[in-house]
Amino acid sequence: MHKRTYLNACLVLALAAGASQASAAPGASEMAGDVAVLQASPASTGHARFANPNAATSAAGIHFAAPPARRVARAAPLAPKPGTPLQVGVGLKTATPEIDLATLEWIDTPDGRHTARFPISAAGAASLRAAIRLETRSGSLPDDVLLHFAGAGKEIFEASGKDLSLNRPYWSPVIEGDTLTVELVLPANLQPGDLRLSVPQVSYFADSLYKAGYRDGFGASGSCEVDAVCATQSGTRAYDNATAAVAKMVFTSSADGGSYICTGTLLNNGNSPKRQLFWSAAHCIEDQATAATLQTIWFYNTTQCYGDASTINQSVTVLTGGANILHRDAKRDTLLLELKRTPPAGVFYQGWSATPIANGSLGHDIHHPRGDAKKYSQGNVSAVGVTYDGHTALTRVDWPSAVVEGGSSGSGLLTVAGDGSYQLRGGLYGGPSYCGAPTSQRNDYFSDFSGVYSQISRYFAP
């Protein structure tokens with residue numbers, strides 16, 4: 001994972017800003033896309049620093065045994081049921097979750113803060129994240145308490161006391177490797193004996209989420225899938241903007257520690273500063289506890305058509321911090337989140353239309369099938385307002401070639417506006433399609449953005 005240079009970021013911003021300014025003024029039921037102006041904080045994108053860079057990691061920590069291989073295989077079926085997220089991690093619990101802070105090696109920084117490091121490991125894990133409970137004996141945790149997280153990669157993520165809740169565990173970012181190193185930083189007026197720390201469970205990934213520079217899932221999708229960069233529209237400003245609005249989602253269930261993948265889209269809005277509105281599927285995020293664990297992966301695509309893993313975009317960026325649920329309708333499978341952290345520079349706020357989609361429309365989908373690098377599918381809307389698998393007000397899309405798969409859930413159904421820009425019209429629920437499917441099964445179903453817009457319109461304007 002590499003940081004964009006200042007000049008490259010400015011170039012992206014300038015080009016996209018020009019596209020935004022050329023867009024028609026949005027009406028009451030639609031809005032053109034726009035470029036991101038604010039930049040993500042280093043702490044939320046893996047560019048934090050240890051408070052005590054040269055400190056050793058304490059021997060005291062928590063170790064989890066590897067899960068049975070059969071359990072790992074059973075958790076990640078090749079063809080998950082429609083309307084279910086793709087599982088990529090399994091939960092492991094321990095009967096002894098407490099860590100005695102007095103046993104850690106504490107070192108003070110020059111400004112008087114107290115620091116210590118400890119490991120959380122799981123045998124054989126390719127990637128790992130941990131549920132952490134940290135609280136003072138009086139209850140509330142000061143905002144200036146810091147936690148730093150690192151794995152085998154170069155990334156160091158940061159959380160503060162205000163990110164941790166007394167009501168539920170805080171799930172760390174996903175790190176590479178089988179050992180998560182945690183640095184705990186306490187303000188000068190807080191002593192280790194004032195705190196209680198426990199790690200009740202971890203989420204265990206058998207395959208690396210970040211292997212060799214974000215090659216996770218690379219090539220794992222079906223043979224009929226098309227790299228986003230291979231689309232005939234690739235290289236046009238409108239299409240490239242649309243791809244920059246799409247992110248891979250990784251989230252964890254606090255109930256069992258299982259981790260899952262979906263796809264989501266950043267949506268434009270008229271607020272100043274912009275709100276980080278993020279569209280996906282209700283079946284991906286079931287409750288606020290799960291939304292709080294969300295991390296999004298941006299710019300995960302190849303830079304060459306049908307390129308190998310070496311062509312993965314070097315600007316891939318992970319954003320941590322979770323999200324809040326603004327709207328969720330399980331029956332319609334609609335979901336609107338608000339990311340708690342600002343996405344990285346270079347992302348795009350996708351335009352949208354709340355006008356009902358017309359039967360016969362040409363639909364486009366940019367998604368992450370099986371967690372693979374970004375793919376593109378194009379199809380025809382063959383039915384609107386239909387019921388499928390117990391869900392209502394869905395839009396059916398027929399695929400002539402490339403389809404969608406597990407991990408694509410929540411990805412946006414896009415249409416092209418009169419000015420050539422893309423507009424979001426719904427999100428993927430699922431269906432019977434797969435590479436090699438007969439014509440009768442080469443179709444999938446999307447939620448309808450227009451059907452719930454009256455419920456969510458207040459979030460898109462001041």
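Yeah, the Cβs are placed from backbone N, Cα and C, and that goes for glycine too.
Here Swiss-Prot flags HIS283 (among others) as active site, charge relay system. In sequence order, GLY83, THR84, PRO85, ALA330, ASP333, SER409, TYR429 are the residues near HIS283 (active site, charge relay system), counting only same-chain partners six or more apart with C-beta under 8 A. Mapped onto three states, the DSSP output places HIS283 (active site, charge relay system) in coil.
The active site, charge relay system annotation in Swiss-Prot covers ASP333 (among others).
In the three-state DSSP classification, SER409 (active site, charge relay system) falls within coil. Marked as active site, charge relay system by Swiss-Prot on the basis of similarity to another entry: SER409 (among others).
CYS224 (disulfide bond) has a Cβ environment of 19 other Cβ atoms inside 10 Å. Sequence annotations record features per position, and here Swiss-Prot assigns disulfide bond to CYS224-CYS435 (among others).
Summarising the annotation, Swiss-Prot assigns disulfide bond to CYS230-CYS305 (among others) and lists similarity to another entry as the type of evidence. Within 10 Å of the Cβ of CYS305 (disulfide bond) there are 13 other Cβ atoms, across all protein chains. The DSSP secondary structure for CYS305 (disulfide bond) is coil.
Under the heading disulfide bond, Swiss-Prot lists CYS262-CYS284 (among others), citing similarity to another entry as support. Following the DSSP three-state reduction, the secondary structure of CYS262 (disulfide bond) is strand. Cβ neighbour count for CYS262 (disulfide bond) (all protein chains, 10 Å cutoff from its Cβ): 30.
According to Swiss-Prot, the phosphotyrosine annotation covers TYR429, on the basis of experimental evidence.
The signal peptide feature in Swiss-Prot is assigned to 1-24; the stated evidence is sequence analysis.
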CYS230 (disulfide bond), DSSP three-state class -> helix
Students should find that the Cα atoms of CYS435 (disulfide bond) and CYS230 (disulfide bond) sit apart, in Å rounded to an integer, by 18
Whole-Å Cα distance, CYS305 (disulfide bond) to CYS224 (disulfide bond), is 14
Neighbouring CB atoms within 10 angstroms of the CB of CYS230 (disulfide bond), all protein chains considered, total 16
